[in-house]
Amino acid sequence: MDTFITRNFQTTIIQKAKNTMAEFSEDPELQPAMLFNICVHLEVCYVISDMNFLDEEGKTYTALEGQGKEQNLRPQYEVIEGMPRNIAWMVQRSLAQEHGIETPRYLADLFDYKTKRFIEVGITKGLADDYFWKKKEKLGNSMELMIFSYNQDYSLSNESSLDEEGKGRVLSRLTELQAELSLKNLWQVLIGEEDIEKGIDFKLGQTISKLRDISVPAGFSNFEGMRSYIDNIDPKGAIERNLARMSPLVSVTPKKLKWEDLRPIGPHIYNHELPEVPYNAFLLMSDELGLANMTEGKSKKPKTLAKECLEKYSTLRDQTDPILIMKSEKANENFLWKLWRDCVNTISNEETSNELQKTNYAKWATGDGLTYQKIMKEVAIDDETMYQEEPKIPNKCRVAAWVQTEMNLLSTLTSKRALDLPEIGPDVAPMEHVGSERRKYFVNEINYCKASTVMMKYVLFHTSLLNESNASMGKYKVIPITNRVVNEKGESFDMLHGLAVKGQSHLRGDTDVVTVVTFEFSSTDPRVDSGKWPKYTVFRIGSLFVSGREKSVYLYCRVNGTNKIQMKWGMEARRCLLQSMQQMEAIVEQESSIQGYDMTKACFKGDRVNSPKTFSIGTQEGKLVKGSFGKALRVIFTKCLMHYVFGNAQLEGFSAESRRLLLLIQALKDRKGPWVFDLEGMYSGIEECISNNPWVIQSAYWFNEWLGFEKEGSKVLESIDEIMDE
């Protein structure tokens with residue numbers, strides 16, 4: 001306890017508390033709980049005094065309001081507590097005589113120059129009201145009362161004597177002290193100022209003392225050694241401790257939140273002077289093109305699968321005169337095309353290996369030999385040319401239409417399915433029957449959703465990439481980007497979406513990067529939305545006839561990088577199914593609990609009593625668009641996939657920071673009247689994360705739209721309330 005007091009209170013407060021105890025012949029070492037209580041009481045008195053001031057005309061100011069006017073201000077409260085007893089009585093009598101009031105029978109803690117009243121301050125572990133009436137019974141009306149409880153309640157005889165900020169400051173400090181004490185198991189040791197049962201002291205016998213010393217955990221020789229260690233341990237760190245000491249100096253003004261206080265987040269996303277956010281997912285999604293080859297559905301090696309697909313589309317395979325459509329800033333288009341031809345030749349040859357020769361253009365593409373050279377710290381200090389790199393702050397971007405388009409296309413139904421889920425045995429219990437029914441509806445919606453095909457492509461590619469990275473660390477390998485789909489007739493097709501080249505992959509740590517060059521087929525002309533593709537070099541490599549129409553085929557090339565963590569997450573991308581399934585089931589369960597029977601079928605298709613459930617799934621021309629339960633489910637699933645595909649530190653930060661704002665909006669909707677402080681600071685934390693992540697920028701755009709609808713809804717409710725009041 002002694003160590004705790006030293007760490008959490010200023011030296012002057014501790015010394016005054018010890019002097020007070022000495023006047024009553026109490027020993028601080030024998031009564032540490034009493035010393036703590038006096039320190040808390042003193043600090044609360046000083047907090048109240050430091051927060052409130054008067055000018056020459058008697059007008060009150062808080063510490064924040066009085067900034068810049070300090071020369072004309074004086075404290076509103078005189079602190080009597082902490083003075084030597086004889087001096088305190090002399091000060092109390094002088095103040096009473098000076099202001100023409102009666103001297104109280106008991107010594108006060110504070111004197112209020114504005115109301116000309118003495119004040120008693122009380123701190124309690126119990127209910128503030130109970131302690132208030134005990135004090136009231138003793139003191140009568142001779143002085144005002146300010147009672148604060150560790151339970152976060154208070155009781156004042158004069159409510160106007162202390163503003164909201166002052167009350168909040170005192171209660172926050174008490175909460176902090178209680179939390180610190182609880183961490184060190186010292187909370188129950190305290191004896192408050194109120195009358196509570198006191199323990200009985202008794203001396204431990206020799207046998208009990210020995211048993212106590214034997215019972216301590218390994219690493220401690222005796223009980224006293226363990227207690228000393230626990231008293232001195234610092235579980236929360238020096239920052240929190242120093243903040244606790246600074247609490248009287250911190251100025252926080254709570255404010256009741258209104259709808260008008262909320263503004264859109266990330267105003268820069270509407271700035272047309274900024275570039276559109278570019279596409280930066282690892283693989284193409286809605287723009288992908290798969291070269292299909294019918295198969296019996298048997299398992300094949302990736303190289304065999306890719307070879308068969310390329311043989312079927314020989315005009316694309318044998319193309320030697322491409323047309324350059326678009327070039328990324330740092331790309332060498334000649335090197336990229338040579339590397340593509342090497343990949344095709346490696347896949348097409350008769351050898352079983354898919355190893356690539358280490359040519360100069362392959363080394364350029366994979367960044368071989370371009371890694372930083374590590375040198376000793378001592379050498380760096382002596383070398384004047386060595387300096388710390390400036391941190392790379394992401395450039396701000398504006399919202400782009402392609403993100404919404406991707407979302408729309410990925411959540412649509414197609415005629416093919418790639419999702420491969422294991423079969424489940426027959427139902428035994430009634431609960432299993434309900435689960436199977438829900439699974440059937442869920443799988444029917446998700447199976448033919450475009451997003452599930454993209455998800456499986458990511459899973460298969462990252463599995464192959466991680467295997468090759470571990471098995472062939474020093475080699476360049478060609479990895480086909482493949483998938484397998486089944487159409488509505490039950491026919492299986494192998495799909496080749498492109499080829500990738502893996503560089504050297506000596507991945508010692510989980511965050512060590514391996515370079516991956518991707519070559520992907522697409523029928524999308526990049527010139528239609530050039531702002532989407534600055535990271536890609538695009539060639540036109542021929543055309544295909546689809547449904548009697550000729551379509552150009554483009555090769556999208558990109559130099560990229562990944563690490564073990566991202567590859568492992570790619571292998572686990574099926575987890576997107578779980579989250580969307582859980583959200584669907586939560587909705588069905590809620591409906592079922594209201595109706596009293598299983599509502600799975602009713603939500604999807606409707607029944608005799610209920611029509612199919614609908615949800616708001618987007619906006620069109622400023623109005624909300626409704627969609628079926630199945631459509632909402634596909635939208636949720638697609639959002640989960642996008643969250644994985646575009647996941648990075650910006651998205652993590654945005655999700656965490658914006659959650660607070662969402663909670664505030666929910667509190668406003670529930671009419672709970674939330675209070676906030678530093679709202680602009682919260683906005684700043686959110687907007688710091690809105691830079692160049694496409695999903696974050698789109699989420700901010702959607703949030704702003706939703707906030708607009710909620711504000712409009714609140715105005716309607718307010719007008720209804722006014723009519724009802726009239």
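The backbone N, Cα and C atoms fix where each Cβ goes, and this holds for glycine too.
Of the residues proposed, His41, His268, the one Swiss-Prot records at the same Mn(2+) 1 site as Asp109, Glu120, Val121 is His41. Looking at 125-140, 365-380, 685-700, the range annotated in Swiss-Prot as motif 'Nuclear localization signal 1 (NLS1)' turns out to be 125-140. Taking the centre of the Cβ atoms of His41, Asp109, Glu120, Val121 as the Mn(2+) 1 site, the nearby residues of that chain (Cβ within 8 Å, site residues left out) are Val44, Cys45, Glu81, Ala108, Leu110, Ile119, Gly122, Ile123, Met146. Less than 8 angstroms from the CB of Asp109 (Mn(2+) 1 binding site) sit His41, Cys45, Val79, Ile80, Glu81, Ile119, Glu120, Val121, each of them six or more residues away in the same chain.
The DSSP breakdown of the motif 'Nuclear localization signal 1 (NLS1)' (125-140), given as helix, strand and coil counts, is 12 helix, 0 strand, 4 coil.
DSSP gives Val121 (Mn(2+) 1 binding site) a strand state.
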